[in-house]
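The region 'Disordered' feature in TrEMBL is assigned to 1-43, 157-205. Look at TrEMBL and you will find 26-37, 192-205 tagged as compositional bias 'Low complexity'. Residues or ranges marked as domain 'ALOG' in TrEMBL: 38-165. Taken from TrEMBL, the feature compositional bias 'Gly residues' applies to 182-191.
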């Protein structure tokens, strides 16, 4: 899929800022605008890929008519570019974390990659003028689909997805300041980075 067509302009941040002149006056060699972050770049590529998918849909779809069902279709379409082996029920490797031998089971998109992708598209939809109450990426059907993918992949690959237990419960009242100062912020940032890199090579084909 060519995601570098016209929609590349969609969601693109401003190319200049009011503070650019002040920076150039002080430093002289400073750029007028900072380059977009890795997350923002990936979010724009994912958004362009989705818009291209709508244009290539038969019949073509407009963003205004897009529903949660169309989002699920898009996620299933992306499976053909996946790199995660998901064993079928009858496969001898089903349920094994480390399969003893190779098999012919298909490759799929990992649940974590799809979950991160939906998070970026949900934000991009609202940044491009969509209303939060009509956001198809936040539809209940999409959440149910992602949960089913997570559970099925956990059984097929023998890798359970368990929620991490928070260890700061006893000191929640006393340590709230430390959490805000940076103790609790590191975990969320690192997990987001992993999710961003996991889908980079699969959704921008």
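The backbone N, Cα and C atoms fix where each Cβ goes, glycine too.
Because TrEMBL annotations are produced automatically, they should be read as predictions rather than curated entries.
Secondary structure of the domain 'ALOG' (38-165) per DSSP (helix as H, G, I; strand as E, B; remaining residues coil): 77 helix, 4 strand, 47 coil. For the domain 'ALOG' (38-165), the model gives a mean pLDDT of 90.
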